[in-house]
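Straight from Swiss-Prot, the features:
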type: ACT_SITE; residues: H122; note: active site, proton acceptor
type: BINDING; residues: 26-46, 104-107, 221-223, 247-249, C265; note: NAD(+) binding site
type: BINDING; residues: C130, C133, C181, C184; note: Zn(2+) binding site
type: DOMAIN; residues: 1-274; note: domain 'Deacetylase sirtuin-type'
Amino acid sequence: MDSRMSDLQALRGFLGGSERLFVLTGAGCSTASGIPDYRDGQGQWKRKPPIDFQAFMGGQPARARYWARSMVGWRHFGQARPNAAHHALARLAQRGQVDLLVTQNVDRLHQAAGGREVLDLHGRLDEVRCMQCDWRGPRGPWQHTLELANPQWAALQAGAAPDGNADLEGQDFSRFVVPSCPRCGGIVKPDVVFFGETVPRERVQRAYAALEHADAVLVVGSSLMLYSGYRFVQAAARAGLPIAAINLGRTRADDMLALKVSRPCDEVLAEVVP
């Protein structure tokens with residue numbers, strides 16, 4: 001038996017032996033849906049790190065750059081559809097094997113695939129919120145507002161980048177118009193957790209509560225370089241839970257894994273979860 005078949009057989013056994021699986025997914029779970037990931041096989045950034053919270057809140061130029069890239073990128077990101085990995089994980093959940101699926105992604109593709117008990121750890125890009133009055137709204141109308149205010153930008157075409165942005169390096173963002181909150185005139189931000197921003201406590205508590213009842217952990221498409229997800233794997237290892245990962249390249253928790261499959265998530269899960 002070659003190593004590929006051996007890995008798949010081992011993963012089938014791992015999943016078959018679990019009744020209360022804690023699943024953690026990252027950007028690699030959505031690459032087959034056309035959404036790029038952040039890191040290379042060594043866990044290093046493929047491009048500049050995403051904008052951080054302080055920069056976004058601290059100046060109009062940073063917000064203009066962010067919203068210009070997001071507005072152009074949304075046309076691609078908003079049309080992304082679940083791939084075989086999302087559908088396979090949804091099937092596991094529908095069979096009652098998944099206690100909670102925690103995703104670091106903001107694309108809502110697990111829900112689109114019919115997933116149950118999904119926790120959006122880092123929020124969701126299909127909603128926006130005001131940082132002053134907490135007004136919230138869907139991305140569709142906000143996207144329309146952005147495009148009306150910036151018709152010359154709306155015509156641009158660019159390659160997709162992670163988290164719904166577009167590659168617009170070299171552009172002059174100084175004339176991009178960033179609309180204000182329709183209620184109070186405050187700063188509007190996507191309802192996602194930026195770098196430098198804290199994950200809401202209730203989400204972290206819900207994840208830890210599910211982990212306490214889990215009998216195994218499956219990591220899908222994450223290098224675990226971000227502490228926000230890595231901490232749950234750390235806690236699982238301390239509790240003696242078996243941990244498996246499907247990921248191309250190294251993860252921060254390689255020494256904690258009982259099993260690792262270094263192949264594309266969609267291919268692997270389509271084969272082991274019929």
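Yeah, the Cβs are placed from backbone N, Cα and C, and that goes for glycine too.
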N247 (NAD(+) binding site), Cβ-centred 10 Å count of other Cβ atoms over all protein chains shown, is 27
C130 (Zn(2+) binding site) falls, by three-state DSSP, under strand
When the binding-site residues C130, C133, C181 are compared by other Cβ atoms within 10 Å, fewest goes to C133
Surrounding the recorded Zn(2+) site, with Cβ no more than 8 Å from the Cβ centroid of C130, C133, C181, C184 and those residues left out, we find M131, Q132, D134, W135, S180, P182, R183, G185, G186, V188
Ordered by sequence, the long-range same-chain Cβ contacts of G26 (NAD(+) binding site) under 8 Å (at least 6 apart) are D37, T103, Q104, N105, V219, V220, G221, S222, S223, L224, G229, N247
Mean pLDDT across the domain 'Deacetylase sirtuin-type' (1-274) comes out at 93
Taking all protein chains shown into account, the Cβ-based neighbour count within 10 Å for G34 (NAD(+) binding site) is 13
Whole-number Å distance separating the Cα atoms of S30 (NAD(+) binding site) and the residue listed as 'active site, proton acceptor' is 15
Spacing of the two Cα atoms, C181 (Zn(2+) binding site) and G34 (NAD(+) binding site), in whole angstrom, works out to 31
Within 10 angstroms of the C-beta of S30 (NAD(+) binding site), the count of other C-beta atoms across all shown chains comes to 28
Nearest to D107 (NAD(+) binding site) by C-alpha distance, among the recorded positions H122, C130, C133, C184, is H122
Reading the DSSP string in three states, the entry for G26 (NAD(+) binding site) is coil
